[in-house]
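K.L.:
Input: one structure, supplied below.
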Amino acid sequence: MSILQIPYREARDGFWGEQTSTLNWCEEDYNITYYCAELVNTLTNLMFMWLGIKGIRNVLEYHHSPIFLLAYVGYMVVGLGSMAFHATLKYEMQLADELPMIYTVFIMCYATFSYKRSPRTQLLIAAVMIGLGIFITVYYLYAKNPVFHQVAFAAITATTVFRGFYVMEYQLRPQLRERNPTACSRIMREMWTLALVSIITFVGGFFIWNMDNIFCRHLTTAKNQLQLPWSIVLEGHGWWHILTGLGAYEMILWRIWLVRCLDGEEEKFMLDWRPWSSIPQVVPRTHKGATKSS
């Protein structure tokens, strides 16, 4: 067993030089490799790359609304920025991680509030959100307060999610009862399931991230006892990347499925998904290789 246990290195400087970011995480800097400050926190962002490519292919292949193509591009930019941040611990790369999070959730917020609105109203909504995005950016650059960023991100996300819940219950459900009563209960159940699984996954990642911050000293002691590669499982911020990457992907998919049903296309498309055991996608009912038929 000792052959499979690699001890951590002593603290040292790394390839990217002194840390300038306002945040640092529990993973010990440059401990695994001289060339990457936080290797585990960097590599776990590959979840965003994999799911982002999957989402973009899904949008292009099945001709979903172009706004979701932009959402998945933003999703991947968040992953790339996070990789750069954790690899270097430079302030500029921290901004490349944190600001795209705000912009991407604003894209989803726009998709939620602009649906079926007049072009003039859509333009007004876009202008308001661009203005809010500029305000958040300028204030955050001035204050450099991570709590402000986290609160702003949470507020925009919560607004988008609760608006989606409202649309599901007070717009979609009455429509389905009228035009497709036999399928109404099933569609609403799977839509609520997807939304709640996404939220639980996201909140689970947030919980692990906070536990990683609170108990960092104890976790570091445990990691040094376990040694590499087993200690990787105790890198809580890495689990945050994996779980929030999956939860955010599912949230975009939830909105795609909601739009398809609002457009009256629930007989043409289906949610191809087994909860907790597969990656969801919205595909035509004639799609080969679907994991479920509904």
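Just so you know, glycine gets a Cβ as well, placed from its N, Cα and C.
What you see is a predicted model, and the numbers here were worked out from it, not measured in a lab.
Here's the feature list from TrEMBL:
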type	residues	note
BINDING	Trp25, Glu27, Glu38	Ca(2+) binding site
BINDING	His86, His237, His241	Zn(2+) binding site
TRANSMEM	65-87	transmembrane segment
TRANSMEM	99-116	transmembrane segment
TRANSMEM	123-142	transmembrane segment
TRANSMEM	148-170	transmembrane segment
TRANSMEM	191-209	transmembrane segment
TRANSMEM	238-258	transmembrane segment
K.L.:
Report, as numbers and ranges, every residue of the chain located at least six residues beyond the transmembrane segment (238-258) whose Cβ falls under 8 Å of a Cβ in that stretch; write 'none' if there are none.
P.N.:
27, 40-41, 43-45, 47-48, 51-52, 54-55, 58-59, 64-65, 68, 71-72, 75, 79, 82, 108, 111-112, 161, 164, 167-168, 172, 191, 194-195, 197-202, 204-206, 208-209, 212, 232, 269, 271, 279-282
K.L.:
With a radius of 8 angstroms around the mean position of the C-beta atoms of His86, His237, His241, what other residues of the same chain does the Zn(2+) site pick up?
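P.N.:
Output for this site, in sequence order: Trp25, Glu27, Glu38, Val40, Asn41, Thr42, Thr44, Asn45, Ser82, Glu235, Gly238, Trp240.
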K.L.:
Cα of Glu27 (Ca(2+) binding site) to Cα of His86 (Zn(2+) binding site): how many Å, rounded?
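P.N.:
Pair distance, Cα basis, whole Å: 10 Å.
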K.L.:
Grab the same-chain neighbours of the transmembrane segment (99-116) for me: Cβ-Cβ under 8 Å, and only residues 6 or more beyond its ends, written as numbers and ranges.
P.N.:
65, 67-68, 70-71, 74-75, 77-78, 81, 122, 125-126, 129, 132-133, 136-137, 140, 149, 152-153, 156-157, 159-160, 163-164, 167, 251-252, 255, 259, 262
K.L.:
Given His241 (Zn(2+) binding site) and Trp25 (Ca(2+) binding site), what distance in Å do their CA atoms have, once rounded to a whole number?
P.N.:
13
K.L.:
Give the nonlocal contacts of the transmembrane segment (148-170) in its own chain as ranges (CB under 8 Å, at least six residues past its ends).
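P.N.:
Result: 98, 101-102, 105-106, 108-109, 112-113, 115, 136, 139-140, 188, 191-192, 195, 199, 251, 254-255, 258, 262.
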K.L.:
When you measure from the Cβ of Trp25 (Ca(2+) binding site), how many other Cβ atoms are you left with inside 10 Å?
P.N.:
23
K.L.:
Quick check: with Trp25, Glu27, Glu38 left out, which same-chain residues have Cβ atoms within 8 Å of the centroid of the Ca(2+) site Cβ atoms?
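P.N.:
What remains near the Cβ centre is Asn24, Cys26, Glu28, Asp29, Ala37, Val40, Asn41, His86, Glu235, His237, Gly238.
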K.L.:
May I ask for the distance between His86 (Zn(2+) binding site) and Trp25 (Ca(2+) binding site), taken between their Cα atoms and rounded to an integer number of Å?
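P.N.:
So the Cα of Trp25 (Ca(2+) binding site) lies 9 Å away from that of His86 (Zn(2+) binding site).
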K.L.:
Tell me the Cβ contacts of Glu38 (Ca(2+) binding site) under 8 Å, same chain only and six or more apart in sequence, or just say none.
P.N.:
Trp25, Glu27, Asp29, His86, Ala87, Leu89, His237
K.L.:
Validating a neighbour-count step here. Other CB atoms within 10 A of the CB of His237 (Zn(2+) binding site): how many?
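P.N.:
Summing over all protein chains shown, His237 (Zn(2+) binding site) has 21 other Cβ atoms within 10 Å.
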K.L.:
Counting across all protein chains present, how many other Cβ atoms fall within 10 Å of the Cβ of His86 (Zn(2+) binding site)?
P.N.:
28
